[in-house]
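A short write-up of the structure that comes next.
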């Protein structure tokens, strides 16, 4: 330690001497920078000296103390952290945003051109459209010309001379002197409260390099490698090294907001971060105090909040905008993407574990968001990387993609950076179908035979095919997913649950084996209803389990994860839906993952696997994917393997990413091909491919057994065959790949023959429904023979009647003019009304004779119609401006509800409930028109009754409040002395004591009867009161039971004061003042209670509180609410 201190001492004085020499020729600005650096070096020197003194004296610093000591040198030179200073740096001074940065843009372009000449294409394309970037290109050309003047043979490849190398070294030395020292972390930064792994340090250095070169980037490490920690460490670099404490905006999914805040507080506790969330009022308070008050370093918000609160967020000049799960902005037309493009920021960073999931255009959308000045034209980007036919061209394009993406994207996978994490073993388990599954599979195909055969001339709708696909996938999972498939009632949990689904048979064998081996299992499925079946199965087999799906509450979700990850947990199985449980969860206590079915998007399955296969996993993870052989699932798996092969070819080679510009996997042709796959086997075979025997419910028998070892061996060979098939495909094959290519060999197309073999068994025994549908051949020939005709109807349709909503209070005369105009339009176009027009105009009419009369009336109206006169046109325009067409039904219903809640005359309270959709003036105008024309509103009696009933409740509550006030004012100490003249009957076996009744009345008076949560507050007061500490009955009452007793007591008071209470204007004014006074007393009481809790023990505080409430508080409370000029009874 002494040696290290001596070395530090030597370097400190060496640095100090160099700074003094340098200052002789430096400007004031550069001197300030070096002065800060000098302070940092001095602080480090003093810190090392303090550590040496501690060790010499024998004292030991705690980890927290050591971190705080390590942090002190980094805090030197930070800007003052107070809201007023922050406002000068955080708030935008120019409403139009920042000006064009010629120097920064030139530096960025120069750096990219130094990496590859390919960027010149995009820069020139941008310069041709924008004169600002033409200026940048001119500066670059000028710099290039100046550089060429220094050497005569730069374009000739040869060895450098000593003179040239010396010149380059001198140039690098000058650049080091001109700028502050560039930090390259070789170990975990001291400002991070923990240790970073070596690859994470490399990631931080990469982010630092991007920042230095003014380039935004995509951190696309595989999930589980600590992207959040790397990002927080980089923000720490900006804060402590660059002295840029903010403002930073982190945008993340709602489920990970708290995790971001926890990680920031854990790794860099000095950073002031907060989450912008809550209801409208809570968000408004946060925005006013924290955001616009500039009392923050980092703001964390969800995608939805960004859209809702875009207006205040646009006022901040963000240093960095960081987007977690950045594939949310892959569509540049989405609302989130458009809103974010309106924000002003100096830099941007995208974080994602799945950089691209679909095509080239989505890659361009991400790059356009990061660097809009370079990647400005989507068409140009697509054309530049369009694939050619030859293999050489494919290799060239792959190399170009790597070169272009390399500066912006960092992607590492676990097997590369985490040597302690063993690679996961994946195996596709190919299972057959049970006899019940065969039956249902065949039934689904027969139900829509024309669509399955593809025999119609017109193409089937994509929705229809997707529906068939979904039903077939359900059948492959378990036939009990169909209503009516499970035998019963009575419904039993028996062996039939397992043996009616081949997948569950295999899973049953597999889980038994894994249980014996001591493994723990995660089971993922797309369908939450399948998890219901698996829950019954786990109960049947006595397997302890946890479950998470899309409907699981956040608290239950965390509890389930904690229970499963707890030491010595007995939970064997964790059931999860792929989308809800595949993101943001750490389940490394499991070592086996079972994918019960496959997702359309293979990245979702990879995310599911990574719940267990991530850093911290000590065992080798095994992944079993259940696939129904010769079914749609097999084709879905092939499609997923194709996508992942593309990822391996283009993304992993240089850790950059690209997805092909592919035909959609769910296109009609591809869907039809998937549906037809294996259909012939289903119709040819009447027996099961999985288990021929299906036991009856309740029999306790088992179906035919499965040899698991043999199945594993066969599945392993088939999995290898599938992977080998796609390993040989090149980039062009993958970009143009579709299912038809599998039928082409040696120049011949075998597709038609194979489709005949598939389809013909389906037509052998068509059902009656299919026989009727064969008449659709007429539709086919009609379409074929009329291909040249226009699909437009030969005559126009009659305009539909104008829809009038009675609550919008439009003038009734306007409807007459609209109808007259509609009839004239029909006459002018020569339209003859039909029965459809009768239904549209008069609704459903059951009487045929009446229908004919209405039709004749409609025809007569059309024949006798006349165009609107000029006066009628003017009246129509005037009447259209009247009414309240901007009030929709939802707002009208809310108006009715809050009018009853607050009373029809409480316009301000009603307007508060309807804000921000309606202003106070709009509500006042509508209320006036509503009560003046209420008879014009349909079912107005119903709405009037709702409001009047609610107003009666308000009036009754006020009467009860007044009766309660008068009763309490009769006694000096009502908690002990109050007596009811008409006490409630005590017929019940267990009733309330007089002391309990008095306490309920006192608490009702304290909080007010008009509060919705008054009985929840009364319950809390009872449980906090030491007088009832041993009264289990009273303490265990629910708010509903207390409300029942409270209403009974209030009715007794109403009897007592029934004749003496009149709610005149004077009484109402006094009660309003009392409410305000009571609110003030409650606030003071709450503040007093809070202070007491800080200074005394909890029990003494409660005693003081009840004594104050019972002896003094009530008397004072009643006295303050009684006017001085009113005498008590």
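Our numbering is plain: 1 for the first residue shown, then up by one each step along the chain.
A Cβ is built for glycine as well, from the same backbone N, Cα and C atoms used for every other residue.
Per Swiss-Prot, the residue from the list 551, 685, 846 bearing the note phosphoserine is 846.
Here the candidates are 354, 694, and Swiss-Prot annotates 694 as phosphothreonine. Fewest Cβ neighbours within 10 Å among the binding-site residues 221, 222: this applies to 222. For residue 846 (phosphoserine), the count of additional Cβ atoms within 10 Å of its Cβ stands at 6 [all protein chains shown]. Shown in sequence order, 353 are the same-chain residues outside 221, 222, 223, 224, 225, 226, 227, 228 whose Cβ sits within 8 Å of the Cβ centre of the ATP site.
In this view, residue 225 (ATP binding site) is surrounded by 26 other Cβ atoms within 10 Å of its Cβ, with every protein chain counted. Within the same chain, residues at least six positions away from residue 227 (ATP binding site) with a Cβ under 8 Å of its Cβ are 203, 219, 221, 351, 353.
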